[in-house]
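To keep things clear, I will list the structure first and then write my remarks on it.
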Amino acid sequence: RERVRAMFYHAYEHYLESAFPYDELRPLTCDGQDTWGSFSLTLIDALDTLLILGNVSEFQRVVHVLQEGVDFDIDVNASVFETNIRVVGGFLSAHLLSKKAGVEVEAGWPCSGPLLRMAEEVARKLLPAFQTPTGMPYGTVNLLHGVNPGETPVTCTAGIGTFIVEFATLSHLTGDPVFEAVARKALKALWKNRSDIGLVGNHIDVITAKWVAQDAGIGAGVDSYFEYLVKGAILLQDEELMSMFLDYNQAIKNYTKFDDWYLWVQMYKGTVSMPVFQSLEAYWPGLQSLIGDVDNAMRTFLNYYTVWKQFGGLPEFYNIPQGYTVDKREGYPLRPELIESAMYLYRATRDPTLLELGRDAVESIEKISKVDCGFATIKDLRDHRLDNRMESFFLAETIKYLYLLFDSDNFIHNDGSVFDVVITPYGECVLNAGGYVFNTEAHPIDPAALHCCRKRKEEQWEVEDLMREFYSLKKTKKFTLKRASDYGEVGSAEAPEDASSEKGGEKRNFKSSSHSLLSCPSQSFNSKLAVLGQVFLDNT
C-alpha cells in the first residue's frame with residue numbers, strides 16, 4: 001500500500017511540475033500535452049484519488065484551482081464518452097466527497113455546489129450529441145458550437161451506453177430529469193437493436209440504427225455498456241436495467257465464452273470472428289462479482305492473470321490459440337482493468353492470489369515504466385520499449401484500485417455501520433455509508449446521495465407532520481416519529497434498543513432495523529393515509 005502511495009506522488013507531482021495545466025504528462029520529455037480537450041484532465045481525474053489516499057489539504061487546494069482556472073467555453077472537439085466519464089464523473093465524485101474532505105460546502109449541499117454546477121455545465125455541452133432520430137448520441141461534440149456539420153454518425157456501443165451513472169446522478173442532484181432521460185433513451189435504443197440471438201455489435205449508425213461493425217464481445221467498443229447496465233441497476237435499484245444485462249449475459253455465455261475465455265463473434269450468427277483477448281476485457285470478472293457470479297469470475301480472472309505473468313502486463317490484444325501478442329497491439333498503457341477486477345474479487349473472497357496480482361502489478365509497473373518524470377506507457381511488452389505518454393486514468397483508476405486492494409480499512413469499503421447525516425433543503429440525509437458505485441473511470445458515486453434532493457421528501461415529511469398532529473390529538477399511542485432518513489423508513493417508531501448516536505457530532509450507528517408505524521398489510525399505502533383526510537400520490 002505504501003509503495004502504491006509513493007507511485008501516486010511520483011506521477012502526480014511530476015504532472016504538476018512539468019505538465020499542468022495541460023491534460024496529460026509526457027514523462028519521457030518532462031512536459032505536457034492536451035489530449036481529450038484542454039481542461040487539465042489529469043488534475044480532474046486524480047482529485048478523488050487524493051482523498052482516498054487521505055490527502056485532504058491537496059484535495060481542497062485542487063478544488064479551488066479547478067473552480068478558478070478551468071473554462072469549458074472553448075472551441076474544442078471533445079469525445080462525448082471520455083468527457084462524461086472523466087470530467088462529469090470526476091466533478092460529481094469530488095462534489096459528493098467535498099464535505100468529507102473538509103471543504104466548506106455551501107448551504108443546500110449536496111443538492112448544490114460549485115463542482116456540481118461545473119459537472120452540470122459540462123454535461124449540458126454534451127446534450128446536443130443526443131439530438132438524433134434514435135436518441136443514440138454522436139461520438140464527438142464541439143464544446144462551443146455543438147455537433148459539427150458533417151460529423152460522422154458512427155459511434156461505438158460503449159460511447160452510446162455509458163451515461164446512466166453520471167447522468168442519473170446529475171438528474172437526482174439537480175432536479176433536472178433531462179440527463180437521466182437521454183441516457184435511458186440511448187440504453188434502450190441499443191437494447192431495441194440487439195440481434196435475434198441477443199448480441200450487440202461494436203459500432204452503429206446513430207441516425208439509421210444500422211450496425212456498421214458487427215463484432216460482438218465484451219471488450220473494446222462495447223465494454224462499459226454492459227458495466228453501466230449493472231452499475232445503473234445497482235445505483236438506481238432498477239430491475240429493468242438488471243434484467244437487460246442478465247439477458248445479455250446469457251447470450252454472451254452461449255456464443256462468446258470458451259473455456260473461461262471470451263472471444264469475439266458475429267452478432268447475428270454467433271460464429272467466431274476474432275479469437276483474441278483484449279486487455280479492456282479484464283473488467284469482466286469484477287462485473288461478474290457484482291452480480292454474485294464469483295466462481296466464474298475467479299476462473300476467468302486466473303486466465304487473464306496468466307497473460308499478465310507472461311508479459312508483466314496485459315497486451316492490448318492477445319491471440320488465445322497462439323498464446324502471444326497480436327501485431328501492432330503489443331502495448332500496455334498502464335490500464336487498470338485487471339487490477340479493478342482483483343479489487344472487487346478480493347472484497348468478495350479474500351483470496352490471497354488477488355493480493356499477489358496486486359504485488360506483481362506494482363513491481364511490473366515500477367520496474368518497466370517508471371522514469372524520472374513519472375510513469376510511461378509501455379509501447380511493447382515484448383521488449384519493454386516506452387511511449388511518451390501517461391494517461392490520466394493511471395492516477396484515476398490504476399493507482400486507486402491498487403491502493404484500495406491493499407487498504408482494507410479505507411472509507412470506500414465502509415459497510416454502512418458508520419455514516420454522516422447532513423441537512424439538505426429537504427431535511428436530513430444519510431451520506432458516506434458505503435456502497436459506492438464506481439463509474440468506468442473509477443470515480444466513486446455515493447448512491448445515498450441520489451435520495452437527498454428529491455422533492456418527494458417534502459411530501460413524506462408532510463405526511464409525518466400530519467401523523468404527529470393526528471396522534472398527538474388522539475393520544476392513543478406513546479411513541480415519537482423519527483425522520484425517514486434516521487432509520488431508513490417512513491414513519492419509524494421509537495428507536496431500537498441498541499441504537500446509538502453521538503449527539504455532539506454527525507456520526508451515527510444503528511445496528512437494528514426499526515419497524516414502520518404504517519404497518520397494516522390489508523390496506524394499500526394510499527388507504528392508510530386516507531384516514532388523515534388526504535391522499536398523497538407519487539406524481540403529486
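Cβ atoms here come from the backbone N, Cα and C positions, even for glycine.
If you check TrEMBL, you get these features:
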type	residues	note
ACT_SITE	Glu82	active site, proton donor
ACT_SITE	Asp223	active site
ACT_SITE	Glu316	active site, proton donor
ACT_SITE	Glu337	active site
BINDING	Thr440	Ca(2+) binding site
REGION	492-521	region 'Disordered'
COMPBIAS	500-509	compositional bias 'Basic and acidic residues'
COMPBIAS	512-521	compositional bias 'Low complexity'
Residue among active-site residues Glu82, Asp223, Glu337 with least C-beta crowding, 10 angstrom cut-off: Glu82
CB within-chain contacts under 8 A for the residue listed as 'Ca(2+) binding site', separation at least 6: Ile85, Gly89, Thr162, Val165, Asp223, Ser224, Glu227, Tyr228
Same-chain residues at least 6 apart in sequence whose Cβ lies under 8 Å from Glu316 (active site, proton donor): Gln278, Ser279, Leu280, Val326, Arg329, Glu330, Gly331, Tyr332, Pro333
Integer Å distance between the CA atoms belonging to Glu337 (active site) and Glu82 (active site, proton donor): 16
